[in-house]
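Trainee: Would you mind keeping the following structure in view while I ask a few things?
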Amino acid sequence: MTLSELCIRRPVMTTLITASIIAFGIFGFRLLPVSALPRVDFPTIAVTATLPGASADTMAASVAGVIERQLSTVAGISSMSSNSSQGISTITIQFDLNRNIDAAALDVQTALTIAQRRLPVEMIIPPSFRKVNPADFPVLFVVLNSSTLPLSAVHEYGDITIGQTLSQLPGVAQVSAYGAQKFAIRVQADPEAAAARGLSLEDIRTAVSRANSSTPVGTLNGPKQDVALQASGQMDKAMDYRQIVVAWRNGSPVKLDEVARIYDSVENERIASWLNDERAIVLGIQKQPDANTVAVVDSILAKFPALRAQIPPSVSINVLMDRSISIRQAVADVEETLLIAIGLVILVIFLFLRSASATFIPALAVPISLFGTCAVMYALDYSINNMTLLALTLSVGFVVDDAIVMLENIVRHIEHGMRPFEAALKGAREIGFTIISITFSLIAVFIPVLLMGGIVGRVFREFAVTVSVAIIVSGFVSLTLTPMLCARVLRAHDATKRPNIVLRVFERMFESWLRAYEWTLDWVLARKFLMLLVTLATLGGTVYLYMIVPKGFFPQEDTGFLIGVTEAATDTSFEAMKERQQALVEVLKADPAIEYINSTVGAGGPNTTANYGRLFIALKPKKERDNLNAIIGRLRGKARQIPGMQAFFQPIQNLNIGGRISKSQYQYVMQSGDTESLYRLAPEMRDKIEKLPGLLDVTTDLYIKNPQMTVDIDREKAAVYGVTVDQVRNQLYNAYGSRQVGTIYMPSNDYQIILEVQPQFRVDPSDLSKLYMKTQNNQTIPLSAVAKLVPTVGPLQINHQAQQPAVTISFNLAPGYSLGYAVDKITELEQASNLPATIATGFSGTAQVFQDSLRGQGVLILAAVFAAFVILGILYESFIHPITIISGLPSAGIGAILTLMLFGMEMSVIAMIGIVMLVGIVKKNAIMMVDFALERRRVGLSAEHAIREAALLRFRPIMMTTFAAIFGTLPIALGAGAGAELRQPLGIAVVGGLCLSQLLTLYITPVIYIYLDRIDRRLRRKLEPQLEEPGEERPHVVAAE
């Protein structure tokens, strides 16, 4: 007894199994998390080390280099890069995709502990790390401002009340304050006033440091009571420090306020952030690489009522940008697309079957297959995301196929006069092997996708598994529930009952299609060689079109957010940069597409140097504005109105690859230990790349000609005066390094005491003569007596890649130009430039992964075809008939590529997956024909008569399944909602491939079958002569009458 017969005879069992699938599916669907994409982020850790006042050279050599060398011993690192600028180094480590980030974090902590022993002694704060990709865009922005409180107080609420609370939530990597204004006490010394009193800056530093001691003082131990001692050493207000005695002169104290200005300030006065025109503290919340964006945002927003209650009413707190909104909108749009696809597929079935009860049976296979898939998705810890919903939507078009094939065969027997119960038994027995063949051969094409490595494999693994599970469930439903319902729901054929006029018109139209097909099929069978040439032409055409079609990675998404990087000359002051940034914001916010702008200027947060600015731009809803390319082009033009500043814009994407922050979307990296050659050739390469048509915003991160002053210490004179080099360096650090000379420890936080000279002594190189220091015999001499300033140039920032100095050339693409084009042109330039062997080059981030995926595309298609061939060969026990079945695949490929080119789309990874799906979908038509033809051959028909009869008899189910697949995919191809850009290429490729392949495979398959049947028969006679005896049947192949 077959499975279908068992289910037909036991309807209660079948119903309960189906109900269980639905129940588990509903349960799983309700619990599935929501995200933009599957979890594909590289495990990434960012290490930060600070040494205020240190140059980029110092940070790169004595800080970043030391840490990098130690980190290189950690296992599983796929890439490591660093950025060193004034006073700060950031090292970004990306690990292999299968590396556990928590285990990696422990290894990084151990490496940092070891490296700390070799770091400069002036580093008061040890290096720290976060499980975060610094190049990732925050998932949420929270803005705080107040019209009554100073920004330092607002920052306190943001940093302590909000930041620390949110940092403890699962999935939150870090909470960064843009425009941070953390409280600090600033001691601005007057070196001339100090020298007049015989004091140096070192005397002031020592006095302040000692006056703010927090040394424990012990306990009094009495016979009956112990009393803890507490000294009043801590001072937390600027006014308390003014009366510190620095020294005694002539019996009178020299107090701190006589030689310095002391005031309540902030740690970094040269950084600021605005929301439109209003100063604000903006908190950027970044998720951990493996965290779910929507879940993280939901957990944050759930905390907001409690957080607002802890903040005074004078401080406003609002959500500025919420990336989960665009994700939810995209998911909701796909869900709507899914419902439309279901409706269209059911309509197609109804038109072909002409019966509501007959339509109900295959239509029921759709929700059951989808619910069953959701149950498996939950068990596998998947999420509802663009990929899985796309898989479910595409599945609608072909999960009904098996049910249609089963139903159509049973209905045909009923229309021939059989009772529904007998028709169900016979029809299921006849068509069972066909359904198994379709199911397993369709799943086979996704095996290579499941085995794909790298980030592309991670992205599509959930897609492939979801589609495969939906196919398996639909095959199970078609073999169990569908024949049982046919036996119980369908009624005996009533020849006197006339369908309504719409169905009669459609049926007459279908009959005309069938007559036209019969006539054209006979014409083709009389000219088989011509169709063989057409088949070979489609194969050659597919290869040719694949070679010339523009190739890309992932389509550019419209998430509703842009990021802008502004840049001025390297010697631009903070005040000048702030003025230009505010002028730019005024120009940009007048654009009708912009909702609001968050602007940040100064070194800190996402900005690596002081001549950088950052813009986070929120766009209006998609229906109220232009497309992204038009908006970005318009903003570029407006930014050119601001003199002395460049602006670079790029859309924020849900899929971010790489850990390097750059001004443009794609990166080309040059690296070498020979910095002289590297720094000479990199600008030349950048100029060549800039001249390529289609490349915009071409720029580098090379800043080696920043105006600097080198303090040249005369060691002989220093020795004469008894002054050491360390003393000179300390004096300079005290004056210009914003040196932390003390820490104020409070219950909720700790704050710095910062020493520097007053602003008027930091303007001109001649101010060096106003700095004084003490000699061994306690005399005061000007610093200029032992040192002089020499104008030089030096790096503003230094970048490393794989521990070597590196220069990154970044670029964007103009509309109509593909990433494949850019990669090819830059590679040609590189080869023509004859770069020295000491310089290593390569693409980074998205461009690098694109190259890797491009190399694997052809292998992926061939692997899918080979997997289908293997499965079909096993099922048919034939080397030849699988070739017949897959012979129509080139027609699908050429149709898909032509349609992509017609709509101006690239051959992206998404479109390539659509072509892989076509490998599975298209061959179903051939399977239905070949199965029937093989059986008719066993009853004595010639190959030509058998395939002709099979093609005509299976014409209705072939048309039904193809139209169901086309109409199920059409909403994806025509989608215009949130995230539609990501899905459209797949839909267009599938629809285009199905349309052309449907037209050609109806003729290609019969012709190829006739040619290859002869070969198959000869092979069988040689290999298995006993199977060729008259009347012997293959037990696994069944026929439909």
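Every residue, even glycine, has its Cβ placed from backbone N, Cα and C.
According to TrEMBL, the feature transmembrane segment maps to 12-32, 337-353, 360-380, 386-411, 431-457, 463-490, 529-549, 858-876, 883-903, 909-934, 955-974, 986-1012.
Distances, neighbours, how buried they are, the whole picture for these features please.
Mentor: Long-range neighbours of the transmembrane segment (337-353) within the same chain, counting only residues 6 or more positions beyond its ends whose Cβ lies under 8 Å from a Cβ of the stretch, are 359, 362-363, 366-367, 389, 392-393, 396-397, 400, 404, 407-408, 411, 503, 506, 510, 956, 959-960, 963-964, 967-972, 975, 977, 983.
Nonlocal intrachain contacts for the transmembrane segment (529-549), taken as residues 6+ away from its ends with a CB within less than 8 angstroms of a stretch CB, comprise 858, 887, 890-891, 893-894, 897-898, 900-901, 906-907, 1000, 1003-1004, 1007-1008, 1011.
Within its own chain, the transmembrane segment (858-876) is flanked in space by residues 433, 436-437, 440-441, 443-449, 452, 546, 882-883, 885-886, 889, 893, 912, 915-916, 919-920, 923, 927, 930, 934, 1036-1037, which lie at least six positions past its ends and keep a Cβ under 8 Å from the stretch.
Long-range Cβ contacts of the transmembrane segment (909-934) within its own chain (Cβ-Cβ under 8 Å, at least 6 residues beyond either end) map to 394, 398, 401, 405, 433-434, 437-438, 441-446, 448-449, 456, 459-460, 463, 467, 553-555, 853, 857, 860-861, 864-865, 868, 872, 876, 881, 884-889, 891-893, 896-897, 900, 943, 946-947, 949-951, 953-954, 957-958, 961-962, 965, 982-983, 985-990, 993-994, 997-998, 1001-1002, 1005-1006, 1009, 1034, 1037-1040.
Counting only same-chain residues 6+ beyond the ends of the transmembrane segment (955-974), those with a CB under 8 A from a CB of the stretch are 337, 340-342, 344-345, 347-349, 352-353, 390, 393-394, 396-398, 400-401, 404-405, 408-409, 510, 513-514, 517, 921, 924-925, 928-929, 983-984, 986-988, 990-991, 994-995, 998, 1002.
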Trainee: Check the transmembrane segment (360-380) against each of 386-411, 463-490, 883-903, 986-1012 and return whichever range has the most CB pairs under 8 Å.
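Mentor: So the stretch in question is 463-490.
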Trainee: Take a look at 12-32, 386-411, 986-1012 and tell me which one has the most Cβ pairs under 8 Å to the transmembrane segment (463-490).
Mentor: 386-411
Trainee: The transmembrane segment (986-1012): which same-chain residues, six or more beyond its ends, come within Cβ distance under 8 Å?
Mentor: 390, 394, 517, 520-521, 524-525, 528, 531-532, 534-535, 538, 880-881, 883-885, 887-889, 891-900, 902-903, 905, 910-911, 913-915, 917-918, 921-922, 925-926, 929-930, 933, 943-944, 947-948, 951, 955, 958, 962, 965-966, 969-975
Trainee: Taking residues 6+ outside the transmembrane segment (12-32), which of them lie with a CB under 8 Å of any CB in it?
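Mentor: Hits for the transmembrane segment (12-32): 367-368, 370-379, 382-384, 473, 477, 480-481, 484.
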